[in-house]
Every structure is written in structure tokens, then in C-alpha cells.
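TrEMBL lists 297, 309-313, 348, 351-358, 449-451 with the feature FAD binding site. The feature domain 'Photolyase/cryptochrome alpha/beta' is assigned by TrEMBL to 60-198. Summarising the annotation, TrEMBL assigns site 'Electron transfer via tryptophanyl radical' to 383, 436, 459.
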């Protein structure tokens, strides 16, 4: 029987004061939360063993379904699955489902998918060393996924399926469909584990039991929990080796190889050099950052040319490294402190806190994962439909050097410095008056570290439509941002070579300081808008909308 088509998403479902507790309870009920020490996990798994009708324990194999958690270390569900396999004296096997339709639904960048495939290849090799086969399947349609999991369960004699819970609406509905199909037809046990967040969404609430909608009080509570409950940063162990007999029993599954790459338009060798795949590479990057850059992070994080950030975001987005591992390492380097101590380390930990915050938001307010404004009153803004302006922004040809440098970096290497993400986003929304949703979509289609909660949260902050948003009347001046964060123009020269001959003052505003003849020689576009006029127009439109709310 083919799997039933999934119901349409309930875009109106909100976790307001009245129903947040119900929603968060439902979320918590479907997950094996990290609310007790991982050392107690074995006891939990053993208790859930069920005897058959004859009163005997039926030992079958255990399946780990990998998704956005392509790692062996500190993988909560994988650790739990390994314990179950050992207790049951059975085999542990892995599953990964390639699902192009889901990639298209989320506007995943080809360069990001390529990074996933490269890391999946590394994961398969690491699992193979532990005699753990990784089954690779492809879902032509996303609704085929329950049937695919079901067939693997039957073919490999699976009695327990483990996965790490996902946070977005579509993925949670998909997993519910898979779980329903397995329970109905196979009588298998399904375990969802909390893994994506350091502190699960069910655990961080206001005194009245509601979700936080402002970062600072959220972060204060989050830090108190992490400081007072050591298990939140307890790292789970890597899985144990399978018995050698598995290589004979499931020999055919050890020959499966994921695609070694995925087609994209960027320089393949350059991308491999910039973002090498594998857990060891992620940890090498983390260790190098903490040793060489973290103490100066507070001063250097906003200067694109300094490359003072960790650039771990691609690895976090693919689950090649966990946020727990990052914060645990940083806190250790900071002598056990989260909010005090070294300025650079505590600031970097706080940035990971922002990532946590946006993940909690998509759970508590699922409409934002469907590209709805966090503040519904802002959805009546009359945005510009100027397609030429949008394309000029996408191409990095706006005539504003710092904006163009950021966009060209994005288009060239699938990555953009965080300060430039704010500058380019604010420019699109507040200078061009173009819907933030178009920018959100374009970023996701290009970013190697595309992450819906963080990308959506960042765009809504910039557009003044989100939680804890920048006030609508605060509009970045691209010239001042350029002069402040790229004072010598080195970053602009790197990405906008038309301007490399200009001096440090000219490069920020060539159209404004050069003669018409001198400017024409550059073959660089004139500014597509006047900033002062565009700012006034944007503020007037936002005032109109808020007056109607």
C-alpha cells in the first residue's frame, strides 16, 4: 500500500499564551529529552524491551536514520541506538535518504547539498570502520519516505528505529507519518531524541510557561540552565563496533556509496579547499578558532577582511559538529564560564545562543518556518515589485560598494560574513523596499551554511518584522557601514575589482567623490537609489502599517 499523502501544513497554528503549553508538551512527548544524564540511557533502553507472545525477548536489529546530523561524535540518537544494539546483542545499521523534493521545498543551495554529500561520504567511511553499514536510498517524491523506511525495516529485520527530532513543520509531519506507518505495519519501537538544541525548547520558558520572544531574557534563562544542569553539555559517546558477522549478513550494504558530489556552478576545487568535509575537519576548525582567534573575537568579528570568525556554520548546518561540542569547548577554554571571563569567548558563546534562540522560535511559533512574519501586523507592508532592483541586488551591482562586495562574496563562495548579511539584508528591505522573503529565499538558494531558523531570524531582524527585531526607524547607512567595518576598503577591493585602483576614501563612495569622467572609467554602476530618499520612503510606509495595526 503506498503511503498516504501528507496533509497540508497548518499555517495558522500558533503557540500563543493559551496553547503554547499544549504545543510544547506535544513536542516534548515525541522526543527522548536530554533531561537526565546520558549514562542513564542504557537503563531507559533496556526497560523498553518488549517480550513476544511466548514471553521471550525477540532480538532484532537497530536502525539509525541520519538526517541533518552527519557525525559519529555527540550524536544523541546514534548513541542511544548503539546502546540498544549492544543490549539486544544485535546489529546497528544506518540509513540516509536522499530527498531532492525536500531540498527544493527549502530552497537548499546546490553548493550546500554538495557539502552534505561530501560529508555523507565521510560519514559512510567512518561507519564502515566500525562495521556499521550505511544504507543509501533516494526518495523520488518526499511522500515516498515512509515506505522507504518501512522497506528497510523489513529487509534488515529491524525492531528499533532511532532518529534525532527535527524542528520544522514539514519535517515533524514527515516523521509523524513515518512513525505511524512503522507502528501500524511493523510493530517496531521508534525513539526520537532531542539533539538539535543544547537545551530543548520544552525546557526554556518564562515564569508563566510561555516561550521567550526576546533574546536577552531567553539567553539569561538558557545560561542559568546550562550552568546549573551539567547534563545539557554532556557529550554522548561514539557508537560501538558491530560484531564482525555483519559483514557477511549484510555484505551488499557495505558496497553502497553516496554521490561524491552534487552539481553546482561554483569552483569545485575552491569549495573543497574552503570547506573540507568530515568531522575531523570541523573539529580542527573549532580547535584552531579557540586557540588562535577566540580571544580577539569581540574586536574582529565585524571586520570581514580579518576573517576573525570560526566559519563553523556550514558544519553546524549539516550536523557535522554539534552546538554542544562548540559551547563545551569554548566554556572549557573560558575556565568553565559562560557569561563572564574572556570577552571573545563569552561573546562567541552568546552567538551560539542566538542560534539556539531562533531554533526555539520555530518550534514555539511554527508560522515563521513557513515564511510568515513573526509580527503579523507587518504583513500588510506594500513592498516594491521592482524586479530590476532585486536582480541588481542579487548580482552585486547596486552601486553601493559594500553591498556589492557582500553579494559577490555570496555568489562566489556560497558564504557571506555575518556583518555583511545584516548590511545587505537591510539594504534590500529598507533602501529598495523589497520584501524580506525574497531575500530570505535568495540567501537560502546560495548559502553553504543555509539554516532556516537562523536565516529567517536574521532576515526578520533586519526587516523589523521579527522577534527582538531592529526598530523599523533604524536604517543602516551603507556608506557609514562601509567606512566603519572596511575602513581601508580591502574587502571591497577583493570582491569588487573595478574599484581596486581607488584610495581608501574614494572606494566607499566612488560616484559621490569622483568626477563623472573618472567614475565612467571604472565601469561600475551608479547607485540605484538615493539612500536618504529611500530611507524616508521606507519609514513612511512602516509608520502607515503600524498606525493601522
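One-based numbering along the chain as shown.
Including glycine, each Cβ sits where the backbone N, Cα and C put it.
Keep in mind that TrEMBL annotations are predicted by a computer and have not been checked by a curator.
Neighbours of residue 459 (site 'Electron transfer via tryptophanyl radical') among the recorded positions 348, 353, 356, 436, 449, defined as a Cα within 10 Å of its Cα, are 436.
The domain 'Photolyase/cryptochrome alpha/beta' (60-198): residue composition by secondary structure is 69 helix, 30 strand, 40 coil, according to DSSP. For residue 436 (site 'Electron transfer via tryptophanyl radical'), none of the binding-site residues have C-alpha atoms inside a 10 Å radius of its own C-alpha, out of 311, 348, 353, 356, 449. For the recorded positions 297, 383, the largest tally of other C-beta atoms within 10 A is found at 297. Counted within 10 Å of its Cβ, the other Cβ atoms near residue 348 (FAD binding site) come to 27, all protein chains included. The number of other Cβ atoms within 10 Å of the Cβ belonging to residue 353 (FAD binding site), over all protein chains shown, comes to 24. Residue 383 (site 'Electron transfer via tryptophanyl radical') sits 28 Å from residue 449 (FAD binding site), taking the CA atoms of both as reference points. DSSP assigns residue 383 (site 'Electron transfer via tryptophanyl radical') to coil in the three-state reduction, outside any helix or strand.
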